[in-house]
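Swiss-Prot lists 3-23, 765-785, 815-835, 855-875, 877-897, 910-930, 970-990, 1006-1026, 1035-1055 with the feature transmembrane segment, giving sequence analysis as the kind of evidence. For N48, N119, N404, N849, N952, N966, the entry in Swiss-Prot reads N-linked glycosylation site. The active site annotation in Swiss-Prot covers S240, and the record cites similarity to another entry as its basis.
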Amino acid sequence: MHIATFPALAITALALVLWATVATHSSNTNSCHMSYMKPDMIAMTGFNTTQTPLAHKYSLHLYRELDVDLSREVGGRPVLFVPGNGGSMRQIRSIAGEAAVQYWHDPRRAGADADTWANGSTARPKSALQKLNTFAFGDTESDTEGVRGLGDAVTARDMSGDDRRDAVERPLSNGKLPSQWPDDLPLDFFTVNFQEDLTAFDGTTVIDQAEYLNQAIAYILSLYSSHPNPPTSVIVIGHSMGGIVARTMVTLDSYIHGSINTILTLATPHVLPPVSFDKGIVGLYHNVNEFWKTETVPGGKLEDTLLVSVTGGIRDQMIPAEYSSVDTFLPPTNGFAVATTSIPDVWMSIDHQAMVWCHQLRRVVAETLLVVAGETTEKVSTRLDTFQEYFLSGMERVEKKAQNASESSKLTLDTLVSINTPLTTTSNIIINDHSPNQLVKTKSYFKFPVLKASEINEMSRSFAMPVDKGKSLLVKTNMPLEDLHILVCRTNTGDVDTNGFSFLRYGSKSKGVRVGTDTLVCANVAGEAVAMPSSIKYATGAKIPEEEETGEDNDIPVDSAISSTSLSEYIQLDASSLSGFQYVVVIDNTMSETISSDSYLLAEMALPSDMAVVAAPTWWEVLKVGRFTIELPEKRALLTKISLPHFWSSLVAFSIRLSTSDSFSMEYQCEAKKSMGSEHDVLFAPLLMQYSAQLHEAKFSTNLCGGYEQGTRVAVHGGAPYMPLAEGRDVSGTELYLWTDSSSRSSESLSLTLEIDLWGSLGRFLGFYRVMFAIFPMFVFLCLLMIQLRVWTTTELFVSLSDALDVFVDFQLPWILAGSCAIPFVPHVLVSLLYPQMSQPGQFFLGLNGTHLWFLGPVSLVIATGIVVVLHWLLQILTLWVCQCYYMLGLAPIAPESPFSVRRIVTISFLLLLVFKIVPHQFAFMVAVLVMAMGAGKARVGRLMQSEDKDNKSEPCVVIDRNLINYTHSLLLLLVLLLPINAPTLVVWLHNMANKWHTPLESHHEVSAILPILLLVLTASRGIMIRLPQSKRAIYATFAFLAYFALFVLFHGVVHSYRLHLLTNGLCLCLLYLSL
């Protein structure tokens, strides 16, 4: 393969990666609803340079929701918002506006006087109708910004009636009423204008912001000093890199101990920095994580500090979800990480920017903050329980053992009565309509004294089911639990005062009558219910009846149907939890006129073996055909748990399809009737949940109908590249939970097919390895440079990069690709010899924690080679253009001369002085790149002039130094490959200059960091080539350094990319020695 054909392969690989990114991004539809608010930012002018010199650059503001919260004084509980990289202080307006609406539209204060709330607010009381009007249509005298969404500007009158009603009158989620808030105070949201600082690229900027915020918190708390029961801490919300700033605050000397005890982060990369181009940001991450790891233990400085990390999941194309995990530095007693797909009433993936404005998420966040704000003085366990209640799906506790007849769960006996009604018992309890004559499959008939609370009306229906030893109880319903009593009961053994309560129990008809006198003790297990989305009984793309009335297009894709469906509840109690109980009792108190015909309750007892399916295909078995199928047993339970122990890599995405084994498609089964062997319609469509313990991620996929034509995507969040593992934890596989209507299944079995999603996997590959595409080309270039130097030492001919690429592709690349396949198998101890500071395995090369994706190494190197080819072509065009400009200006070609003239010494001394005092060394690096580009272009002038002499048939008057042309071109490519590492810091400096902030960036003003590069550029641009030294030791030393440089780039360059600049300085010193 020669240079003429290889670029086609390389460029094709690049195009596929870019295509995969676009395809992956477009396939995940944003289902967030727009948020609306009326913001008013009040500048806190009292916090100025007398408190901190950073006030020259930053400013503190108080948020108020116009026409909802009219007070301009603080009087609630303080919350501080920290924007992320390039973020705005206005990003808090969605959450803050929602919190204000939820608090001030609380029915308890609808008619309250203004002076009844904290510290004498001047807000005038409004009626509910006035509040609705002012919120929806604005106040023309006071509103300067109108109602805005965090996207396009939206006027107040553009809000639909449903939006206004939802904004004001919707009930709070999780069933928690406003009267249950522990502290009847609003929230005071403070936000900071950081001038859109770029914190992802510079560690110094992060520390500056953290210092400013510590002083700001001291000032905020001082505002409450005259209030009764003043707060002593602030809740901090950080978006993106704002979460790292919040965590950095507690590590600084300026931090007031206890002033922060709750931190909520949204899409924050906690484990690894987004890019590792800056030494400061890499070191800061290491120091902050170590501090949190050592200080969150009992007795540590942060033992009472709570950290909750929320990630948007697969839709976040900027920050991989795995980077938001906290288990590597935080014990479970002090926080957790959760994906938005798990949060009840959200249940969807959210992109990076939408995390602060997505209506479904901000509603839950605001409600949670209102509750937690009153618990800031409580123990960390109390606040942790609150966040877990609102943010976790509940599947984490399905295996939790129920408390046997605990006092808190018993029904009070004096409120119970005994009724003696005919009751059908079976292994299943099925309720899916409200006709009194509904029958279920019968095994035996009992006259059973069903317990019934006094408020239950006489129209209630009662069902009972015996508890089978060794079986688990499974209950799924979409009926409101406040209208159902789901009880587990046992015969009283004398540990409960029965007050003479008794009942009669009859045996089955075939065994005659047996009379006994006993008492029952029951526990209500509704508290064990897990909320989840309903799975509608309509085929994919069908219309939902209740939404057809809106006239909107309600075609429902598989992955987006969650936002359009109602809730369902699931209860699971294992055999140990049911130990000692004899009966499961369901009392249905629902009214037929208030419940739709699609309402159902399904309860059954099932053996663990009926619920568990373990599929353990190897990666080779999957890769051979790209898919594998799991046959589900015919006698399956309501829930089927499918374990995939080998599927843990975050780099592989799957699509899942559900089908039947016979001619009936799954689409037909969802609409199936009794003709399929059922005695009633299908209660619900199959519901799938993917669960990841690391991120507490429960990703639901509803309405799995449509057979092979439709599928749902599954992205695993387990073993991510370069991710350190928490102590005592290993990578685990994937778990899938499938709920199907077991009561209506026919004889055919179901099969679940997992197929590798090629485009989704390529998109994940690019998301994790975007830094790799900027680093690995340096490895390819160093290999090319070694080829050029090897030829030069034997022939004194410095070949072109095109010739070196031919040699590299034909002879070296196949061996390198073969060797890269074996790198995942190299022991960690051997790799650490290149960089002893590497602490954990899986942080070298591609950061793989296993060997099954060994082929990614060759793929990455092929793409890196293609990038070098493209850059080589582009620089050829650039230098030819520069050469043409020199020729048109009549400038002479480059001629070797001493680089140390007085003028040049003065110029370079002045530039170094600027680096030492004012500009970062990255600025001098950019100057070096420009000088090298001009030098490489000027080196070609002689070739252009010789070509003209040939056209004029005259003797050539210019001697062409082809060695110099190739040498300067190679040096230019070397500097261009370093641009991604140096450009971000330069952008930060220019941003600071634009905001008139002239504080030097620490660690970026080292003269030694740029001097070797400047000297080499100065010599090469003046026509001075490298020469063969008399001693071969210098050549051997240069080759040894190049080999080390190349291996470091390959093994550690992605995680420690900032070190490439230092190694390039070493290479420049070697070439400079050969030049002089």
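Note: Cβ is positioned from N, Cα and C throughout, glycine not excepted.
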Interface-richest range of 765-785, 855-875, 910-930, 970-990, 1006-1026 toward the transmembrane segment (1035-1055), CB pairs under 8 Å: 765-785
Rounded inter-Cα distance in Å - N48 (N-linked glycosylation site), S240 (active site): 26
Other CB atoms, at most 10 A from the CB of N966 (N-linked glycosylation site): 23
Paired segments the transmembrane segment (1006-1026) and the transmembrane segment (910-930) in contact, 3+ CB pairs under 8 A: yes
Conformational class of N966 (N-linked glycosylation site) under the three-state DSSP mapping: helix
Cβ neighbour count (within 10 Å, all chains shown) around N849 (N-linked glycosylation site): 23
Among N48, S240, which are recorded positions, the residue with the most C-beta atoms within 10 angstroms of its C-beta: S240
Residue pair N849 (N-linked glycosylation site), S240 (active site) - Cα distance, angstrom, rounded: 26
Cα-Cα distance linking N966 (N-linked glycosylation site) and the residue listed as 'active site', given in Å to the nearest integer: 45
Conformational class of the residue listed as 'active site' under the three-state DSSP mapping: coil
For N48 (N-linked glycosylation site), the three-state class that DSSP assigns: coil
